[in-house]
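Data first, discussion second: the structure below is written as structure tokens.
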Amino acid sequence: MQGKCGLFFESYREENALLVGGFQKARFAALLAVLCACPFVLNSYHLSILILINIAVVGAVSLNLLTGMCGQISLGHGAFIGVGAYACGALTLQGVPFLVALPAAGCITAATGMLFGIPSLRLKGIYLAIATLAAQLILQYIFLHWDAVTGGSTGLAVDPPNIAGLTFDTDEKMFYLSLGVAILMLVVATNLMRSRHGRAFVAIRDFYLSAEIVGVNLFAYKLMAFAVSSFMAGVAGGLWGHYLQFVTPEPFGLGLSISYLAMCIIGGLGSIQGAVFGAVFLTLLPEVLTWLSDVGSSVFPAASLYLVAAKEGVFGLVLVLFLIFEPEGLQRRWRLFKAWCKLFPFAY
Amino acid sequence: MEYYLQLVINGLVVGSIYALVALGFVVIYKATKVVNFAQGELVMVGAYACFSLTVEMQLPFLLSFLLTLGFSVVLGLAIERLVLRPMIGEPIISVIMVTIGLSSILKSLVQVFWGTQIQVYPQVLPQEPYFIMGVPVAPVYIAAFVLSALLFAVFSAFFKYSRLGVAMRATALDQCAAASMGIGIKSIFALSWCIAAVVSSVGGVILGNINGINSQLGHLGLKVFPAVILGGLDSLLGAALGGIVIGVLENVCDGAAKQFLGLGGFKEVAAFIVLVIILMVKPYGFFGTKQIERV
């Protein structure tokens with residue numbers, strides 16, 4: 001545990017706390033208070049962006065567990081999120097209450113993820129990436145053609161989430177629900193990384209042979225990484241489907257998988273905090289571009305015409321530039337910023 | 001029976017284009033160990049460049065084809081220098097993601113310049129079909145097959161006999177040893193991207209002549225993965241065979257699924273189901289170097 005100056009632990013309990021020290025606790029409390037106040041201040045458009053950010057945080061953290069922590073590249077995460085959305089939607093349509101359907105959707109997605117994670121025992125690196133790419137395309141095909149469950153290309157119309165009589169049908173209510181789920185998942189992920197299982201993941205990522213030598217069961221832990229990650233992806237998907245109240249195959253394409261990987265990389269691979277930064281950054285990026293084109297269209301009327309194409313191009317450009325110039329992502333910038341704050345008037 | 005023969009012939013043509021794209025992929029992977037997810041977009045950019053020269057600038061087809069090849073060389077050099085060179089020595093996921101980012105950039109550039117609707121090439125070859133075993137085959141199909149076979153022959157000879165080809169093989173085998181024998185590794189990397197861009201744009205031009213082009217052409221690049229995994233990631237022969245086999249297989253499976261199961265669009269996944277099976281059984285493919293570390 002890296003102790004800050006002036007921070008002395010008097011018990012193991014203190015040392016093992018999730019938030020160390022008063023300032024950190026105060027900071028997180030302030031952040032939480034600001035987030036909880038959002039629905040009273042923002043309009044419903046901005047709130048909907050925040051909800052999407054919350055959902056993206058869950059997805060990005062789940063992928064970062066798999067790819068960042070355990071080193072298993074997955075190009076199929078978008079499809080796993082889709083599995084969650086379809087599973088949750090289909091279950092609630094059968095009359096299963098949302099509070100049961102969401103974890104159940106997570107479990108179904110976990111099973112799917114484990115199924116496609118089995119090759120990870122034999123495959124590494126590029127071969128695993130290609131295997132998960134195949135998973136992505138096969139699952140997409142299933143979404144489109146298993147009409148009985150997924151409704152084919154017309155999709156599923158889903159009711160807003162309903163927990164114990166309380167219907168989350170407005171953006172305000174949905175915001176609190178998604179925020180709650182996101183925080184829960186963040187806490188779970190953070191604690192998982194502090195446990196022996198999390199350390200086993202990191203050991204596998206760093207070097208699989210030494211991990212095996214110190215007694216990490218590679219297959220079990222790789223499967224576990226796939227399971228935990230897919231479970232969270234399924235929860236994110238379930239939330240997403242119920243928020244949009246409509247589940248169709250289009251959003252869960254390869255593009256979604258890639259943008260989640262991009263969130264992990266832009267935020268910082270292997271860092272929970274980084275995944276949050278990446279999710280916020282990449283969800284806001286298209287909104288900022290839309291805003292820019294609104295501003296730009298008063299000068300160049302044709303600007304909005306190129307917006308769709310430009311969004312993808314800017315996404316690619318941001319990704320390439322981050323990989324070349326800031327491979328450790330935004331969380332490194334944040335760390336540098338914190339160090340700068342600590343040292344402020346002096347440079348050492 | 002004729003139905004399936006037609007499917008096989010279509011598959012052979014599409015497969016020969018897959019093989020071309022896979023050739024580019026394999027050349028890059030062999031020399032630089034970079035997995036290029038932007039291979040399909042290189043096809044698309046080549047196809048659009050040639051389209052632009054023939055239709056919008058009214059140049060004769062052969063001239064614009066040659067100019068397209070020149071353009072591809074420049075594009076390959078630029079990509080290698082600007083995007084891939086800074087990534088030397090980075091972890092594999094970063095290299096994968098950088099080529100994915102590259103593919104997004106290329107796709108969006110194409111959409112900005114040419115829009116998203118289907119564009120049709122002017123007729124270059126005659127329309128009257130030849131008959132092979134009673135099945136009508138358009139001349140453009142035959143030209144496509146012959147052209148890819150020719151390119152494969154040229155490149156096989158290049159790698160086997162020319163100094164540069166030998167240097168590329170040496171680099172593929174052991175970069176350090178090659179460098180210490182005086183081979184310029186960086187120029188080899190650049191050259192392999194040029195070759196990849198050139199063969200891909202040839203594939204793009206052929207495809208444009210068959211079906212017309214649109215901005216979704218880049219999806220073709222995904223089909224490269226089953227082809228090269230089947231043949232082996234670092235084998236030219238494997239790329240050729242893998243491309244052809246995947247092309248025929250997906251067409252026949254698609255036809256069979258349509259006929260017996262009433263399933264549409266099975267073409268999209270047939271290759272990937274095969275891919276998963278190959279990865280489980282024989283991950284290094286049929287001709288690939290068996291150097292994969294097994295956990």
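For all residues, glycine too, the Cβ spot is worked out from N, Cα and C.
TrEMBL assigns the feature transmembrane segment to residues A:48-66, out of the candidate ranges A:48-66, A:219-237.
Scored on C-beta pairs under 8 angstroms, the neighbour of the transmembrane segment (A:48-66) with the top count among A:73-92, A:125-144, A:174-193, A:258-285, A:305-325 is A:258-285. Against the transmembrane segment (A:305-325), stretch A:258-285 has more CB pairs under 8 A than any other of A:73-92, A:98-118, A:125-144, A:174-193, A:258-285.
The stretch in A:73-92, A:98-118, A:125-144, A:258-285 that contributes the largest number of Cβ pairs under 8 Å to the transmembrane segment (A:174-193) is A:258-285.
Below 8 angstroms of C-beta separation, residues 59, 62-63, 66-67, 98, 100-102, 104-106, 108-109, 112-113, 116, 125-126, 128-130, 132-133, 135-136, 139-140, 143, 149-150, 156, 158-159, 161, 226, 229-230, 233-238, 240-242, 247, 249, 251-261 of the same chain, each at least six residues beyond the ends of the transmembrane segment (A:73-92), sit close to that stretch. Long-range contacts of the transmembrane segment (A:258-285) within its own chain (CB-CB distance under 8 A, at least 6 residues past either end) are made by residues 49, 52-53, 56-57, 59-61, 63-64, 67-69, 74-75, 77-78, 81, 186, 189-190, 193, 202, 205, 314-315, 318-319, 322-323, 327-332, 334.
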